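Database features, via Swiss-Prot:
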- 49-462: domain 'USP' (DOMAIN)
- 58: active site, nucleophile (ACT_SITE)
- 107-140: region 'Disordered' (REGION)
- 232-263: region 'Disordered' (REGION)
- 250-263: compositional bias 'Polar residues' (COMPBIAS)
- 413: active site, proton acceptor (ACT_SITE)
- 490-767: region 'Disordered' (REGION)
- 540-554: compositional bias 'Low complexity' (COMPBIAS)
- 564-573: compositional bias 'Low complexity' (COMPBIAS)
- 574-641: coiled coil (COILED)
- 577-650: compositional bias 'Basic and acidic residues' (COMPBIAS)
- 656-667: compositional bias 'Basic residues' (COMPBIAS)
- 690-700: compositional bias 'Polar residues' (COMPBIAS)
- 701-713: compositional bias 'Low complexity' (COMPBIAS)
- 731-749: compositional bias 'Basic and acidic residues' (COMPBIAS)
- 750-767: compositional bias 'Basic residues' (COMPBIAS)
């Protein structure tokens, strides 16, 4: 009764509250972007499905998304061996496609409110302070809501309808055909059947551990090749030669992939396979040997503050083979120093570039992630090709990037950023699919805050005309966006307003927190933190912020407050189309001229390199010849010196013997002459009582007397010069030397020479 007196608006006890009408969930940014699309296409290019994560299966989801949006690969998978008729495909999808309850979100919110109210009404139970409301902009919340609101597509094993045994290829074909045949543009795929086959055939994927996306890509492509070739070998030759009935689209696509028949087994090779040539030049004989090897993806080493072009240049740089890594030259017949380089001989249509972010370090004894800044372009032209390469000027465009988010190779998360045909770039994060801006792709060079880095880059071939057309379309879209931004500045009564005034009016609105906070400078982040959700979502879904750097007000110049000028901005003149065409033509001519200049510069560099190599070869040849001549002259000199040393060793003793014998004969001749002269003199008596000590000087005096008598009796020697001393007469110096020698011999005790001279003299006297 008391409640009734309080007011008439209070409900009665027995009254039943009115049931809320179910409201549809708010539109996602992807649904807003797909509003203006026409009827559903049969090729599946307008389907945008997420993939459910079954526990660390993000590596599989990101690679499968990149392969699906590769148009030639998707068409080749669907058309081999035959394309399933659309009627049977729709009948199968009617059983596997499950639509969720549209009121699931409302029921979940009502259940949460009821639980919250029940917890608040319990007496003595304080509210849980740690329980926080869910962040509706977080990827986890968006993934949960996608699972509750979007159609779920479960794939089934249809290998028997393809005439093949169950394999990874048939499971991949099941996924692609299910998406193409579905009547909904958005949804979620459950690749449970594919993961079961993967874990059945490969043990390394049976655990819930973190796996490498590049390893999975390489394994999947090789498995597809093996499965297709194994099934083709089972078919008889007659059946393989006859093309199966196909639709016109599949026949056109098979001819565009370069295959003669729709069911050829070479389509994987023609799309992803390239040919590398290893050139090795021996530095001794200068012979060049080549060895070819195929590749499905290119793995390039990374350097800090580099680009994909510089990494490819390093990939094809010359490597010196020396010391323990010498090259065995067949021409020289042994290990020789050589130069080795890798070049591309055949370019693939789809180029998968693996950036080697994980490197093994000896210090840590494990793999470590490299957070190097590596810039990758939207368009790429390879230069490290051979001279006889097929289509060396092929132009590539970036259409998919696999991003690794994490601090190491053993944990983390993979997402894919893919460029669709006509809906721009999309972010595929497991169950969540969101549109992103083109500049968002540049956030994963490796130098941004966070742990997100580009890991695998997918490039597909394109033409220069397509690139110019795309740039023109982007310019038109940017001009249209600028015009729409100018229109939003106008007031409802038609008068324009300055953006600065709008900003001031927005900033002057006080809030309760501002009143409680002391006045001062507010801290504004200078670099927004990277994330994979609301920061890069659709601008239309984000709330308007006049101070945001992405606001159109901050990108456009102020408009003067004149109504006539506003109308001119809103309606561009008719000559803009002609001006755009003129600019496009000038841009095309400039690109062509730039291409010609690049070709001329490339030719000039090649000629300069050829001249430098020729000069280097000539200098090396001259140096080699000089070394050979030096070695030959040194060998000749060594032989001559060894020959002379040998002769001197052989004739040394004989020459000394000859000289010794000549001097001995000269002395004997002199002694003989002395004896002949002394024989004419009368004998001199020798006292018997004289001792050896007295005999010494007496004999010397007698010898001097005999020599004087001999000089008087002998005729003069006319051959001797008049001033020269006589031969028989000793000089004073010679006499002193003889006496000195005799005294020395006497002092040293060697008296044999003295006795010999006395004996000789005595014999001469007696004779």
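Backbone N, Cα and C atoms are what each Cβ position is placed from, and that goes for glycine too.
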Structural state of the residue listed as 'active site, proton acceptor', classified by DSSP into three states: strand
Long-range Cβ environment of the residue listed as 'active site, nucleophile', under 8 Å and at least 6 residues apart: 413, 414, 415, 430
Average pLDDT across the coiled coil (574-641), rounded to a whole number: 85
Composition by DSSP (helix, strand, coil) of residues within the compositional bias 'Basic and acidic residues' (577-650): 74 helix, 0 strand, 0 coil
Cβ neighbour count (within 10 Å, all chains shown) around the residue listed as 'active site, proton acceptor': 20
